[in-house]
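Peer 1: Quick paste from TrEMBL:
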SIGNAL    1-25  signal peptide
DOMAIN    74-265  domain 'Peptidase M12A'
BINDING   HIS167, HIS171, HIS177  Zn(2+) binding site
ACT_SITE  GLU168  active site
Amino acid sequence: MRVASTLLVVSLVLAACSSSPTPDARTTPEKAPATLILPDGTEQQVMGFKQDGYLMLEDDIILADLSSAKVGEQGTYVVDTRYRWTGRTIPYTFAANVPQAIRDRVAAAASTIRSTTNVIVTPRTTQSNYVEITYNTGTSCASSLGMVGGRQTLTLADRCTTGSIIHEFGHAMGLFHEQTRPDRDRYVKIIWANIPADWQSQYQIRSGSAGYGAYDFDSIMHYPAFFDGKIAIQPLDSSVDLNRMGQRNGFSGTDVGNVNFMYPR
């Protein structure tokens, strides 16, 4: 049974993240529109881009698998992930080609998540809803956003650290990026001049999103401050260290509160 989320778990089929999830300014993406169905049933129009067979958003969120995505009347992809994992449990399994080093990092990430939040990330037994962890030879760290239902993919490359895997499982739980909160303009300024036009839509606020507690520069779900070497996210408070944004060491206290709010015991 799927349980609808009360937060904005933007409705997506998959999500993809790198260990430093900022777009590559040297590439020009092929764009495609998408309709996100929010937890309250309202819809939000966004502009995604195509990459590696997926429709992506914010560089590290795959909205849909292009081979099987639902397409609306106007050629718009319709995506819906209003669902949380039942029993606070995310079962996972490995594809046969996943190297042992990555398996060890996944186990470490799962252990950290279990010890710091209410969510149980555990090897799959017979569960019908689960994450399959696959291996890619590129640079992508990728995960589903929320519980899709059935088998869903979390793909990892050699560069994916334990912290970036925690970030990916954060997406799988339903967490979105911190800097897309509706109140973000009270805390940061987006330097649009330093972001190529083809990528500016990836820095838009997601109007239906909701964050737990105060805006968190230390969130593991926050973008780094820089885009292709130039500052893209400037804190309004000049005392905030730019290096705080984009950390991939582990969940912040606010992240833990957010996860536990979504998945109470």
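Cβ coordinates are placed from backbone N, Cα and C, and glycine is handled just like the others.
Automated prediction, rather than curation, is the source of TrEMBL annotations.
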Peer 1: How far is it from HIS177 (Zn(2+) binding site) to GLU168 (active site), counting Cα to Cα, in Å?
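Peer 2: About 11 Å separates the two Cα atoms.
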Peer 1: In this structure, which of the binding-site residues HIS167, HIS171 has the fewest other Cβ atoms within 10 Å of its Cβ?
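Peer 2: Counting other Cβ atoms within 10 Å of each of the binding-site residues HIS167, HIS171, the minimum falls on HIS171.
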Peer 1: Over the domain 'Peptidase M12A' (74-265), what does the predicted model average in pLDDT?
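Peer 2: Taking every residue in the domain 'Peptidase M12A' (74-265) and averaging pLDDT yields 91.
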